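What Swiss-Prot records for Y15, G42, K109, Y132, N187, N292, R388 is substrate binding site, and it gives sequence analysis as the kind of evidence. Among the features that Swiss-Prot reports, pyridoxal 5'-phosphate binding site is placed at Y72, S108, K109, Y132, N187, Y218, S246, F247, S248, R257, N292. Under the heading N6-(pyridoxal phosphate)lysine, Swiss-Prot lists K249, citing sequence analysis as support.
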Amino acid sequence: MAKINDNYLKLKAGYLFPEIGRRVRAFAAANPEAKVIRLGIGDVTQPLTPTILKAFHEAVDDLASENSFMGYGPEQGYDFLIDAIVEKSYKPLGVDLKTTEMFISDGSKCDCANILDIFALDNTVAIGDPVYPVYNDTNVMIGRTGDADDKGYYKGLVYMPCTEENGFFPAYPKEKVDMIYLCFPNNPTGAVATKEQLKGWVDYALANDSIILFDAAYEAFITDPSIPHSIYQVEGAKKCAIEFRSFSKTAGFTGVRCGLVVVPEELEGTTSNGEKYSFNKLWLRRQTTKFNGASYPVQKAAAAVYTEQGWKETQANIDYYMENARIIREGLASAGLTVYGGVNAPYIWLKTPAGLTSWDFFDKLLNDCHVVGTPGSGFGPSGEGYFRLSAFGNRDNVVEAVERIKKNLKK
């Protein structure tokens, strides 16, 4: 009989969202008349913009004609999209990238997982706590860790607590690590990193021959001009960092699927024989073997984001969500809650009222307010006592949810 990958049996974090779903279903069955508002999951609610949709339709029409039909595309992505990203997204930041350093994909979640294919299993990995579960779970799946302890920490991973005391920004590990996951603007805490803070991590990585895996999925939500959108705005980062970006929240592509990875040509690792080798070449080899490229209509739609009208429409949706974030942040703060995030980031990270665990507060919001959020403890032990709310909801629902919470907390 074929053997399974036993590493999957070590996973604990998969419990979070199924448990949320179970509790919500049980509540709905017992309270069929209740209107439940979901501010937990990070899915968008605004439709694709007219310019993006027009490009999508035109690309589909291309597939209907023998003269314009497109079959297999380049695994690295079409030049029309790569060129647009390099010129319209990175150059305005002062970042010069070669087109050969960019790889179009079907989403950054997959990329954050698949990038592990080009790293040796005996690398020491550091992740934040609380953290986007994909970083943790994919390292467990491939066999880099032992079992989780009673707190939920896996043996073999280095956890960097991100707490109220350190401004939700991780301190450098005491031990040497080879790979470091950083996510800014952060999911789930909504924290952002200054250029000086990122420079500290770049300097650390260069001094320790480490590689930073930088998740910039929410960079489009930054409004403060002093906050960097890319780690490559820091000198030296091309020698120590891989960057991930996504169209999911930026352009409403959660159901369309498109992302990108930047792997600089000067980024190198070491072979088992101690020789230097290009990570760019390894990732290209990986992609050409395991990936056939994002679809032509999707890439045409993504390229439309970078047209003048396309970006104007996209920015309007981003502004819509950030207004939601302001409403949530200010509304909950006025109710006496301690609130973080929601500025330069679409997530609000709040402290639960005294005496309530993350799951206690989840149950209170569900049962008393009919509002669903995400318990902070589901993102890691350091998330206990916190709660995440998303700004990606419909405006009317967001306003109503905040009013319900405010009214309940004043009782």
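Don't overthink the numbers, they just go from 1 along the chain as shown.
Each Cβ is built from the backbone N, Cα and C atoms, and glycine gets one as well.
On the structure: features taken from Swiss-Prot.
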residue: Y15; record: substrate binding site; Cβ within 10 Å: 11
residue: G42; record: substrate binding site; Cβ within 10 Å: 20
residue: Y72; record: pyridoxal 5'-phosphate binding site; Cβ within 10 Å: 8
residue: K109; record: substrate binding site; Cβ within 10 Å: 19
residue: N187; record: substrate binding site; Cβ within 10 Å: 26
residue: S246; record: pyridoxal 5'-phosphate binding site; Cβ within 10 Å: 25
residue: S248; record: pyridoxal 5'-phosphate binding site; Cβ within 10 Å: 22
residue: K249; record: N6-(pyridoxal phosphate)lysine; Cβ within 10 Å: 23
residue: N292; record: substrate binding site; Cβ within 10 Å: 12
residue: R388; record: substrate binding site; Cβ within 10 Å: 25
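Packing around Y132 (substrate binding site) is summarised by its Cβ count: 21 other Cβ atoms lie within 10 angstroms of its Cβ, all protein chains included. With respect to their backbone Cα atoms, N292 (substrate binding site) and Y72 (pyridoxal 5'-phosphate binding site) stand 7 Å from each other. Using a 10 Å Cα-Cα cut-off from R388 (substrate binding site), none of the recorded positions among Y72, S246, S248, K249 qualify.
In this structure the alpha carbons, written CA, of S248 (pyridoxal 5'-phosphate binding site) and G42 (substrate binding site) are 10 Å apart. Nearest by CA distance to G42 (substrate binding site), out of the recorded positions Y72, S246, K249, is K249. Taking the C-alpha positions, the distance from Y72 (pyridoxal 5'-phosphate binding site) to K109 (substrate binding site) comes to 23 Å.
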